[in-house]
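Database features, via TrEMBL:
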type: BINDING; residues: A:Arg211, A:Gly267, A:Ile268, A:Ser269, A:Gly270, A:Ala271, A:Ile272, A:Gln273, A:His274, A:Asn288; note: FAD binding site
type: DOMAIN; residues: A:3-188; note: domain 'Electron transfer flavoprotein alpha/beta-subunit N-terminal'
Amino acid sequence: MSVLVYIEHADGSVKKNSLEAVSYAKALSDKQGEGEVIAVALGSVAQEELVKVGHAGASKVVHVNDEKLNAGIIQAHSEALAQVYGKVGAKTLILAKSSLGDAVAARLAVKLNAGLVSNVVELPVTASGYKVKRSIYTGKAFAETIVNKEHKILAVKKNAVDLKTDGSDAAVETVTLDIHAENFATKITSTDKAKGDVLLPEADIVVSGGRGMKGPENWGMIEDLAKELGAATGCSKPVSDIGWRPHHEHVGQTGVKVAPSLYIAVGISGAIQHLAGVNSSKCIVVINKDADAPFFKAADYGIVGDAFEVLPKLTEAVKALK
Amino acid sequence: MKILVCITHVPDTTSKIQFTENNTKFDKNGVQFIIGPYDDYALARAVELKEQLGASLTVLNVGEAETEPTLRKALAIGADDAIRINAFPKDSLFVANQIAAIAKQNNYDLIMMGRESIDFNGGMVHGMVGEMLGIPSISPVMKLEIDGDTVKMAREIEGGKEYLEAKLPLIAGCQEPIAEWKIPNMRGIMSARTKPLQVLEPVSDETATNVTTYQLPPAKGAVKLIDKDNVAELVKLLKNEAKVL
C-alpha cells in the first residue's frame, strides 16, 4: 500500500505547493499507516530536483521522463497518473490545488472510481468513516465530508500542513509509459506568463492594492514593498476591471483565491467578494485612510492613514529589519 | 451545432453564510439565489456563439423545483430550452453522472459551465463529465473561439495564461473575461415564460462523498490598530507576535 503524490514543476523546478502536498501525504501516512509516500513527476525534471522531494517526505519518486509531458495537457497527465497509481498499488492520491491539478484530479476520480475532495484544509480523521475537512463557500465556511469510496483523491489547499524539510533524499525510479496518442490531441500553442515574479496563487506574502491607489502609475510603491518582502502583488476587482492591473492579479471571489501567511491590503475597502478571496490568509494587514472601511473588521493589524505616506515608510521599516 | 450550458443555483456573492439544524443544513433564510457567477460567464459566451454560429443552446440544472426561476433567467438571457434534473445535487459525482447521461442522449458539440460553483467550490464536474464522455475537458477557460471544428482557448495558469487548441466536441469550465455578463431584456423575460423547460428524473443515485456537518470559521479578534507615524511598530508585531516575517 502507498500514498501517491502528483508533483507539478515549472520548467523543471518542483513547485512549493507540491512539496507541501508531499508533506501532507507523509503526515497522513504516519498517522494512518498508509505505507510509503511515492511522488510522481511527469516530464523533464533534473535528477537533483527530484531527490529533494524526499526532504519534504517522499521515500521514492517515480519519474516519467517523457518530454511530451512537459506541457500540462490535462488528459495526458490524467492517464499517466492513473497508470502510475495502478503500478504502485496506491489507495490515495494527494495533490496541491492548482490550475492543472484541479483539472487532472477530476478526470482521475472517474478513471480510478475514487472519491475526490478538493480544498482540503486538514488531515483526515478516520475514527468513524474517512472524514475530511474542506473549505466551502469560497472560504466562508467548512464542511466535514465523508468519502465513501475505497480510493481517495485529496486536493490540498495551501498551508494545510507545515512543509517538512528534514526528510532523506528520495530514490528516483525512471519509468516509461505508453500513453494513448488521443490524449495528446489538445495542443498547447503558447504560454504567456509573468516572468521572474513570485506567483500570486502560490505566494507566502501578498501585497494588494485597490482603488485607493488612485492610478496604475502609483503601483511602484506596491511593487517596492512586495520586492522587499519577497511578496506577490495582487489587486481588487475594480482595479483589474478598469485595466490598471492585469486580470491574473485580481484577488477575490471570482478571481484568484490566496492563502498566504501574510496579506497586506492597501487602499482596498474590503467588499465581501474581496474578503472571500483572502479569508484563508494567516495574518491580514489593512492600510486605509478611511477608518470605517469594512476591511478593518477582517484584519489582524491595521493602519488608518494615507497609503502614499504609509507605504514608503513600511518599505523602509521592512528594509531596516533585514 | 448544439451547445449545452450547465448552471448552478447558488447564494448571491454578498450572502451571509449560516447553517441550521445543528449545522447540518444551509440556512436559506433571507438568502437570494442566483446563477453561479462563473456559469453566468459561460452562458454569456454561449449566447454569443449561438448568435454567431446559429447554434442551439440548451441550459441544464440539477436541482429541486426551487431552481426553476434561475433556469428561467438563463432562458431570458438567451438559451432556447431548459432541462432540470429533479434532484438535490448531492455531490460532484452525482451531478456529473446526470449531465453525462443527458449529453450522451443529445450529442452536444460544446458543453460549457463555470470553472466551479461558488457554494462547494469543487471545480470537478466538467473534468468528470469530460472523462465520462471521453472528450477533452479544459478549465479554467478565459477565452473561447470556434473556427470550424477547432476550438481556440486561453486557459488561466498560475501567473498567466496558456493558449490551446482542441477539436469539438469538448467541455469547458469558464471564468471571466470570456464574455461580459448579460442582463435579460424585457423581450427575453417575456419569451422565457413560454420556452420549453423539461423536468427529468435522475438516472443514478451514486455519490462519492457526503457532508456530515458544516462549520463557520472562528470569529476574528478585534483589529490591532497601529499609529500611522509608527510604522516600524507594525513590522515588529508582524515579526515577533504574528511570526509571519
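Backbone N, Cα and C define each Cβ position, glycine as well.
Around A:Ile268 (FAD binding site), the same-chain residues at least 6 positions away in sequence with a Cβ under 8 Å from its Cβ are A:Ser208, A:Gly209, A:Gly210, A:Arg211, A:Gly212, A:Ser236, A:His274, A:Val286, A:Asn288, A:Ala293, A:Phe295.
Neighbour counts were taken as the number of other C-beta atoms within 10 angstroms of each residue's C-beta; across the binding-site residues A:Arg211, A:His274, the minimum falls on A:Arg211. Largest Cα-Cα distance over the residues recorded as binding FAD, namely A:Arg211, A:Gly267, A:Ile268, A:Ser269, A:Gly270, A:Ala271, A:Ile272, A:Gln273, A:His274, A:Asn288, equals 18 Å. The Cβ of A:Gly270 (FAD binding site) lies under 8 Å from the Cβ of A:Val286, A:Ala293, A:Pro294, A:Phe295, A:Phe296, A:Lys297, A:Ala298, each on the same chain and at least six residues away in sequence. Counting Cβ atoms from all protein chains shown, A:Ile272 (FAD binding site) has 18 others lying within 10 Å of its own Cβ. On the 0 to 100 pLDDT scale, the domain 'Electron transfer flavoprotein alpha/beta-subunit N-terminal' (A:3-188) averages 94 in this prediction. Chain B has a C-beta under 8 angstroms from the C-beta of A:Ile272, taken from the binding-site residues A:Arg211, A:Ile268, A:Gly270, A:Ile272, A:His274.
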